[in-house]
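Colleague: The structure under discussion is supplied below as structure tokens; questions concerning it will follow.
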Amino acid sequence: QGGGSAVIDMENMDDTSGSSFEDMGEMHQRMKEEEEEEEGEAGAADDEDGEFLGMKGLRGQLGRQVADQVWQAGKRQASKAFSLYANIDILRPYFDVEPAQVRARLLESMIPVKMVNFPQKIAGELYGPLMLVFTLVAILLHGMKTSDTIIREGTLMGTAIGTCFGYWLGVSSFIYFLAYLCNAQITMVQMLSLLGYGLFGHCITLFVTYNIHFHSLFYIFWLVVGGLSTLRMVAVLVSRTVGHTQRLILCGTLAALHMLFLLYLHFAYHKVVEGILDTLEGPNMPPFQRVARDIPVVSNALLNTTAKAAALTM
């Protein structure tokens, strides 16, 4: 030792200056446990996010389904609204007619057919009947205005339109129902066309008698013109109906309604003018009464002078 020995005493060394294998193992084990805890927490967080995203996705899918249903419903409503042109195309064949054909059918409506052994042809168009109904509305409105008809509820135009269209559609439906019961071969469109063209006689009669006020003239037109148009319709229905009883019921009902409607149009909205004519032309017209007039007082001198002048002149 005195000579400076270089021998190191291993027993006297401090162990705190270094790390043993046990310490390294503990540190490694601790770090591994911390990593596992972090991975577990991350996995739990991922599971929670997945559940949240799953609920959110389900709600989004339901929202898309509701939106699709609303869109489809709106699309159907829009398609129905914009399909009006297609509906007009369905009615187009009933109004596709030439003016020459309408004129020929107007003349034929006043000529009764003679052959009733086979079904007579009926024009399945609605242009001519619709125009005749509007013409009847205009004539009836003219008669209301000339007779000073007062409508308490509504207007003159509404009353005229309701009366004419109500008769055309209502009686056509009623006669079609009777035709179905009586086994007559006629469709609703043909019935509308037949009755519509039958109003041509009504238009002529009312147009003449609303402007020329004579009772006898109206009854002549009622029997001749209205009777011819009614006979035309009756003959067509007879040719399409089998059985005498069925023909009598169907044709008698149509003839009565058609002729009575003309009487109603004449007297219901023309009564004011007819009442005036009855007063002026009736046999019980009161005689003219003399009415006293006021004569101014003239002096006697003026009267004497006038008498003398007249005597000298003579």
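Positions of Cβ are set from backbone N, Cα and C atoms, glycine also.
Feature table excerpt (TrEMBL):
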type     : residues : note
REGION   : 1-51     : region 'Disordered'
COMPBIAS : 34-51    : compositional bias 'Acidic residues'
TRANSMEM : 126-144  : transmembrane segment
TRANSMEM : 156-182  : transmembrane segment
TRANSMEM : 194-213  : transmembrane segment
TRANSMEM : 219-239  : transmembrane segment
TRANSMEM : 248-269  : transmembrane segment
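Mind running through what each feature is packed against?
Modeller: Within the chain carrying the transmembrane segment (156-182), a Cβ under 8 angstroms from the stretch's Cβ atoms is held by residues 129, 133, 136-137, 140-141, 144-145, 149, 188, 191-192, 195-196, 199, 237, 240-241, 243, 246-247, 249-250, 253-254, 257-258, 261, 265, all 6 or more beyond its ends.
With a cut-off of 8 Å between Cβ atoms, the residues of this chain six or more beyond the transmembrane segment (219-239) that come close are 108-120, 122, 179, 184, 186, 194-195, 197-202, 204-205, 208-209, 247, 250-251, 254-255, 258-259, 262-263, 266.
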Colleague: Counting only residues 6+ away from its ends, which parts of the chain sit with a Cβ under 8 Å from the transmembrane segment (194-213)?
Modeller: 105-106, 108-110, 122-123, 126, 128-130, 132-133, 135-136, 139-140, 142-143, 146, 168, 171-172, 175, 186, 221-222, 225-230, 232-233, 236-237, 258, 261-262, 265-266, 270, 273-274, 277
Colleague: Sequence-remote contacts (6 or more beyond its ends) of the transmembrane segment (248-269), Cβ cut-off under 8 Å?
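Modeller: Answer is 140, 143-144, 147, 149, 163, 167, 171, 174-175, 178-179, 182, 184, 195, 198, 201-202, 205-206, 209, 218, 222, 226-227, 229-230, 233-234, 237-238, 241.
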